[in-house]
Amino acid sequence: MESIGQWIEREAVIQHFLIIFLAVVCGWAIGYERSARNKQAGIKTHIIVAVTSALMMIISKEAFLDTPNFDTSRVAAQIVSGISFIGGGIIFMRDKKISGITTAAGVWATAGIGMAIGGGMWLLGLVCTLVVVMIQLLTHASQKNSGDFEIRIVGETADKTTLSQLYTYYHCEQYHSIKMEMKQSEQEELYEITISIEQDQSFHLADIENFLKSQELDLVVKRFVVRSVK
């Protein structure tokens, strides 16, 4: 027959396993949404962050009980510092746009959720996980409906004025973002045009195609690609 101390120890171990399992589930839920959007931090990152945060909270609460006058909150405080370093590595700038802020905030939230679960506030961690996932899904749905697409046109021309004509037209249309590049080879000039827009996909596709057909441009379109940038 096991003693009371052994029973308490066994119950504590089971509780720790449940905490880690719940942290894995919450990290997976947030990471799956990010992974489905092809973001930098996916399932593995969020699970590791959630599990590690929960583990450090358990250590902070229980590992130093035999050490008098030890401030156990110091261990938990380092989670915030560490996650800030990870979040800073996710945020970067591309084409004069800052990317990765939402993903970095998600990793930060995952760390907080892991801390809540590790601290014994299981229900709070679950509710916060649902809130984060719902915000991500609802926000993505609204952004998808707004139609933020990238249209990439790659064409060949021998007329150097073609690029300026295209630039004048697209600039007047006041798209959200526009980038044009010209590459010159030994035999031909290759113009690569990238346009980012925030309106209806079909409207802009028809608009661009009609313009290319209506203008007498010395331009042979080789590729016409449309993809979502959200």
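Cβ from N, Cα, C; glycine included.
TrEMBL entries are annotated by machine, without manual review.
Residues or ranges marked as domain 'MgtC/SapB/SrpB/YhiD N-terminal' in TrEMBL: 21-140. Mean pLDDT for the domain 'MgtC/SapB/SrpB/YhiD N-terminal' (21-140) in this predicted model: 80.
If you look up TrEMBL, you'll see 12-31 (among others) marked as transmembrane segment. Packing against the transmembrane segment (12-31) from elsewhere in the chain are residues 41-51, 53-55, 58, 62, 106, 109-110, 113-114, 117-118, 120, 122, 125-126, 129, 132-133, 136: each is 6 or more residues past its ends and has a CB under 8 Å from a CB in it.
Per TrEMBL, the feature transmembrane segment maps to 43-60 (among others).
Marked as transmembrane segment by TrEMBL: 75-93 (among others).
If you look up TrEMBL, you'll see 105-138 (among others) marked as transmembrane segment.
Sequence-distant contacts of the transmembrane segment (75-93) (same chain, six or more residues past either end, CB-CB distance under 8 Å): 40-41, 49, 52-53, 56-57, 59-60, 63-64, 99-101, 103-105, 107-108, 111, 115.
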